[in-house]
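Trainee: Not my notes, these are from Swiss-Prot:
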{"type": "BINDING", "residues": "97, 101, 103, 123, 124, 125, 126, 127, 128, 129, 130, 131", "note": "5-phospho-alpha-D-ribose 1-diphosphate binding site"}
{"type": "BINDING", "residues": "127", "note": "orotate binding site"}
């Protein structure tokens, strides 16, 4: 496990951006029941942590993707960090809506991209990957090349891994499910007996039953 993954997991747990409640699960917007909730947007309220995320995403982009022409943030969670990263790299920035706005030019992509541009997408969190990959499709329809995506966190669901593989989008993240559980267990945030419940949920989150 990489040092960055552990370090960022520690920071997220410290500010309570991640909540683990196997006995009292959350309900996601999708309707899924989940013992795990991650709100990366809380990092924006902590200047040193906000800067850490910007620096590390910027570093990953430079290391993994080389020549980049523009940064795209996925609305709404990744707009702030995407803009900060674009500023650090001195690159154009756009953001991609989940649906076109219902007035004006009805844009899906806000900002300006030119055909042929190499774009890296910034995302705050990967669950199923559906909304993230819709943003990729929108950028590709504009004639640009999406050379990769960097996200703050991924649950690592099999459905998401398969979706990114099929879409041919390399994905890099600051931290992930395994790192969070490792840190949470070592620091007493969760108990050993919670691990089986959390792992059962991650295998099939759509059908997970908290009572089993």
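Note that the numbers count up from 1, one per residue, in the order the chain is shown.
Glycine is no exception: its Cβ is also placed from the backbone N, Cα and C atoms.
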Trainee: Which one of these binding-site residues, 124, 127, has the sparsest Cβ neighbourhood, judged by other Cβ atoms within 10 angstroms?
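Mentor: If we count Cβ atoms within 10 Å for the binding-site residues 124, 127, the smallest count is at 127.
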Trainee: Taking 10 A as the limit, how many CB atoms besides its own sit near the CB of residue 130 (5-phospho-alpha-D-ribose 1-diphosphate binding site)?
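Mentor: A 10 Å sphere around the Cβ of residue 130 (5-phospho-alpha-D-ribose 1-diphosphate binding site) contains 13 other Cβ atoms.
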Trainee: Under DSSP, is residue 130 (5-phospho-alpha-D-ribose 1-diphosphate binding site) helix, strand or coil?
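Mentor: In three-state terms, residue 130 (5-phospho-alpha-D-ribose 1-diphosphate binding site) counts as helix.
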Trainee: Three-state secondary structure of residue 124 (5-phospho-alpha-D-ribose 1-diphosphate binding site) from DSSP?
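Mentor: Its secondary structure by DSSP: strand.
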Trainee: In the structure shown, with every protein chain counted, which of the binding-site residues 97, 126 has the densest set of Cβ atoms within 10 angstroms of its Cβ?
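Mentor: When each Cβ's neighbours within 10 Å are tallied, 126 leads.
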